[in-house]
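Remarks on the structure that follows.
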């Protein structure tokens, strides 16, 4: 069934590029190199590429459902499983969106705590940050898209800093290629998942896209831009660090920032970490938007109410995650769930959905 | 209005957060620019820090504090008690270690530098020949000790007599499979400090020092350089000074009979800057100089490599190169075969210009 | 027209002509007397202060006095003024008298009378623009009289499509307000939005166009102006041709127009008189100045308070030495200096020009030097704050300059709390706010967001005129083409035609 939205709230198809890319790049890119190298060694860049291809297929699958339904995830669930079960599944999915926002925000605050302000009290900062998120999400999908755009464009300058580690890079470290078994490389694909997550929010904002068919190519481009970015970062990281060194570095990307030295700024990581808030912001905003929009669609409540619920819940649930282990655990959960959602649940859903539609269409005809 | 509650909350927040963060106002802290460690009694460390004091008339004094403790940070606590302002290490420029400590291994000492995010990755490390505290007790010029020492090392790196070195590179070499790190060794002269030797490490343990004059060769063998100079004794009393020397290193690995056979190719080119016997000429004088230089460098390089092999130290990362060409490389196996390997050096010198005279 | 008549009964309490005149007589500048010199004698009433006495004595009184017949019709015939009318409508008579008409009655208690236009026009001459001065280009600026202003615009756009609609705004002031647009170019929706909002204004007196600008803005709680004000008739003519809508208000030497974008606030009209390279460079400088003005002091405070690590080692001694004797924390030091600068600016703005200059010099040099010598502030911060203030004055639109000086303070506070993290937070708030802002319902951040490449041609940079053949997409104009770009290109090629390097 078609989901109707006000024309005024629609976004042009090319902005899907930013929505997809912005929600993917978050805290994952700060430390994914270590996780993937643990599994696939310095062949892990192949895993990054494979994950890029995998994601591309998943996006295609999502579009096949969305274009047919002309609606969102909730509608797809209802069509495939009926109202009750469909709604339950939708709620589970929404919780996953919520966990994504939580993991990203909490990890970012941890990074700030470790690198800049060990004594930073979480509450005031989280309050200010979530206030900002509220302000943005209350502006609707157009403002959220705007912040996604800004969150991609402004921090683009950070890519330039890759030049500095290159001076210490030894690309010979990547040799010999294919020294790991294919199974290890596939395990590496699983480890990259956290950094690729989030683009499933497409399932929620799809009805808001003008010219939906055209947006497919932009979604793919946005995803591939992420892949290229990760590939670049991974390769430079592997060339910059020796294996053992990487294995004991929690946030290799930030450690690479440390080597950046400019005439007017000696230690770039402080600027890098601060600027990272701009990368985190669209991430949290899109997830929170998807969550609150989902609550509205499932429970027919005001989206304002849904938004307030999600902000307060984020604020409170930040409490139990106090140390590195807990946060790591949270990220692992999100990553694992995300992996199965992407590569198991969505293909299965697509199969069920298309079968149900076919049967129904035949029935109606 | 709905927003009424917002303002008091924001104000409350500002108060809350104001007391949370550690304020490190630049003039209320003591910036440690040099740390040095000596071996103390019964396993303790003697830690010395050097702090610049900036006077209102723009002159700079340095202050030193020393104490003994088992841990670096325990040491820092004790030092803090002596200083009028809290010590911070965000501007650390140089870390010095005594030879005895280096011999016992630096990994545990460096762990602290690596773990602390406020310490830069390009801190210079050096081994001190003699007492570290004694070296740090003196102000050598009108600049701060940290800036003095870091400029000393930086300048030597720029003139290509010292291979690139810093905390990141040391850790990178140390944690790389098939490569061993090195550090410059500095020594206090009467009124100045000098780089005297290069310290070779096996793992994180200091093993042996080589003469600093071999630094040029060392640099050529461990990587490329761009702007070195070289004095060649051409004939009796005839010396040539060659400048703008660029070098490219290429390590060839072959496995003709299962054992790796290694050739280090050095490609050098430069220009003649000075020649003190213009009367001593020949037909192909430039070619002769090239030949002579090739020979000399080859002999010296092979000598250096042999020395390293004898010590079991792989400072040039030859193991790393072999590893990159083989999927079955293991560290243990490499360590057993390395000392007996046949490593050849092939040098090619190309002198491109001879200044404005012939 | 509800807003006009809504409270009619209250104000037009006067029902008879007698009681009206009685009420008006309470003002000492109201003249109401029996003229006896003439053969017949009549009653004349007017506001001395509103009537041009020259007209009264030259064009009205001699003719009326000469006329032998005592009849209003006759009077009307002989008076050589066009705007003469016989009426008994009390409300009309009241309004006209208040606008500077002379009222003549034959007998004191007549219900009918003659109203004659004799209003005085005391106006400033059209002079050189002061706020938006340009070295080259036209040097005319609007004045307080809206008729003159309309003339200044209309003579620049001599086309029938230029529509001027009058709306009276203000319950008491009844200010003549004119909405101007070019029919067939500007988007109807924009005109309607503006018309509705202007008509919807419910306020007693409208003194200046800035009143209207503040009342019809999309978001009243934003520090950012969402409509541009200008004193240049050439600029108004240009934006009308572009498809925007302008408002002129009687008594205000500033026109306002919209819809606009944030980049337009940083383009001086002079940019269009200069070659495109120079204009683009100036615009970039202004954008840099804005960024510098907002960020420099907060960055200094954040760095000195939290992030000593990233100060280059050669700069360390300068910074530490400059702060060595200062008792205040950097935040208070910065606030102290910022406030000093604001004080100087405020004092300079309130005082006459000559005195203002003196204050500027005294404040800038004496207070600055003294506070550094007294060890209250560091000289480096003094330089930064002064430069930041200077940079904020490069903004061509005065109201935007004020905004920029204001939004520096939240940055400063957040920078003092959380260092760079706080500054980025403040920056995010700023971006989010700008993203939500609209000007007459059109996105304020355009062409940055939504990204519209075609509008970049005249935003942060300005390309040569031959590329500006299309009207901005943002305005959604009815006629998007200004001129044929292909034709322009052909012409340009013709001027500099060369088939080879050397022919």
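Including glycine, each Cβ sits where the backbone N, Cα and C put it.
Annotated in TrEMBL:
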{"type": "TRANSMEM", "residues": "A:12-32", "note": "transmembrane segment"}
{"type": "TRANSMEM", "residues": "A:44-63", "note": "transmembrane segment"}
{"type": "TRANSMEM", "residues": "A:84-109", "note": "transmembrane segment"}
{"type": "TRANSMEM", "residues": "A:115-137", "note": "transmembrane segment"}
{"type": "TRANSMEM", "residues": "A:144-165", "note": "transmembrane segment"}
{"type": "TRANSMEM", "residues": "A:185-209", "note": "transmembrane segment"}
{"type": "TRANSMEM", "residues": "A:221-241", "note": "transmembrane segment"}
{"type": "TRANSMEM", "residues": "A:270-292", "note": "transmembrane segment"}
{"type": "TRANSMEM", "residues": "A:304-321", "note": "transmembrane segment"}
{"type": "TRANSMEM", "residues": "A:333-356", "note": "transmembrane segment"}
Task: Criterion met for the transmembrane segment (A:304-321) and the transmembrane segment (A:115-137) (at least three Cβ pairs under 8 Å) - done: yes
Task: Selection from A:44-63, A:84-109, A:115-137, A:185-209, A:221-241, the stretch that has most Cβ pairs under 8 A to the transmembrane segment (A:270-292) - done: A:84-109
TODO: Using a Cβ-Cβ cut-off of under 8 Å, list the residues of the same chain that are 6+ residues beyond the ends of the transmembrane segment (A:144-165) and lie near it.
DONE: 11, 15, 18-19, 21-23, 25, 136-137, 229, 232-233, 236-237, 239-240, 256-257, 259-261, 268, 272, 275-276, 278-279, 281-283, 285-286, 289
Task: Distant-in-sequence neighbours of the transmembrane segment (A:12-32), which means Cβ under 8 A and at least six residues beyond its ends - done: 59, 103-104, 107-108, 111, 145, 148-149, 151-152, 191-192, 194-199, 201-202, 205, 209-212, 214-215, 218-219, 221-223, 225-226, 229-230, 233-234, 250-254, 276, 279-280, 282-283, 286-287, 331
Open item on the list: Are there residues at least six beyond either end of the transmembrane segment (A:333-356) with Cβ under 8 Å to its Cβ atoms? List them, or say none.
Closed with: 54-55, 58, 61-62, 64-65, 68-69, 76-77, 79-81, 93, 96, 99-100, 103, 190-191, 193-194, 196-197, 200
Task: For the transmembrane segment (A:221-241): best-contacting stretch of A:44-63, A:84-109, A:115-137, by Cβ pairs under 8 Å - done: A:44-63
